[in-house]
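Colleague: One structure follows; several queries about it will come next.
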Amino acid sequence: MAKQLVLLSLVALSFCNFAFADEQALQDFCVADPNGPVRVNGLACKNPMLVQANDFLFSGLNMAGNTSNPVGSKVTLVNVAMLPGLNTLGIAMARVDYAPRGLNPPHLHPRATEIFTLIEGSVLVGFVTSNPENRLISKILQKGDVFVFPKGLIHFQQNLGNGHAMAISGLSNQNPGIVTVANVVFGSNPDISSEVLTKAFQVDKHIIDQLQSKF
């Protein structure tokens, strides 16, 4: 009985240590080593003696993205894959460029909240709350406005002007991920069954076939 109590106490203590672990960094930095032999939830640390200033540098965010595409927008993401020094720091950023009337289509970030700052233009932004309300929360932003998209919620931006627009976003994860709704639903590999999609969207099969052909 005493051994069982000791074992239960150790399990409880281990759980408490895990649940209330100090989330502060345990070292100055952990520059990502994508070629390292260790596989963890993230990327292993590069030998700190081999770290260089360029591990903390990304150049080119001053360059406008190419918006010559069907949606008229371009996201230039700076995450841990582009900037190894972000590893374990829990942040990333992006530049978003919009052609006139360009759209950053409905999407979500499964691992990050996004704080969006409009640098130039007039942009409609919005996100939709989860089931069952599915409430649309939207706002027209002007230059200098800041808006927040909560983690995991579908959101979008559309340039309302006849000139180019640009924004800078901060994201609360070194690898925020992106799930673009139309691409995922209609462009999966292999295709989601048309029977599933016709029932889900309550439309005819030829409409689903047409949508899948675009992605």
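Positions of Cβ are set from backbone N, Cα and C atoms, glycine also.
Just so you know, TrEMBL annotations never went through curation; they're auto-generated.
Quick caveat, the model's predicted, so the values are computed rather than measured.
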Colleague: Can you tell which of C16, C30 TrEMBL lists as bonded to C45 through a disulfide?
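Modeller: Disulfide mapping in TrEMBL sends C45 to C30.
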Colleague: By CA distance, which of the recorded positions (C30, C45, H155) lies nearest to N104 (oxalate binding site)?
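Modeller: Result: the closest of the recorded positions to N104 (oxalate binding site) is H155.
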Colleague: Hey, what's the Cβ neighbour count for H107 (Mn(2+) binding site) at 10 Å?
Modeller: 19
Colleague: Do you see any of the recorded positions C30, C45, H109 whose C-alpha is within 10 Å of H155 (Mn(2+) binding site), and which ones?
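Modeller: Correct set: H109.
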Colleague: Rounded to the nearest Å, what's the C-alpha distance separating E114 (oxalate binding site) and H107 (Mn(2+) binding site)? Just drop the number here, would you?
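Modeller: Pair distance, Cα basis, whole Å: 12 Å.
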Colleague: What Cα-Cα separation, expressed in whole Å, is found between H109 (oxalate binding site) and C45 (disulfide bond)?
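Modeller: Between the alpha carbons of H109 (oxalate binding site) and C45 (disulfide bond) there are 25 Å.
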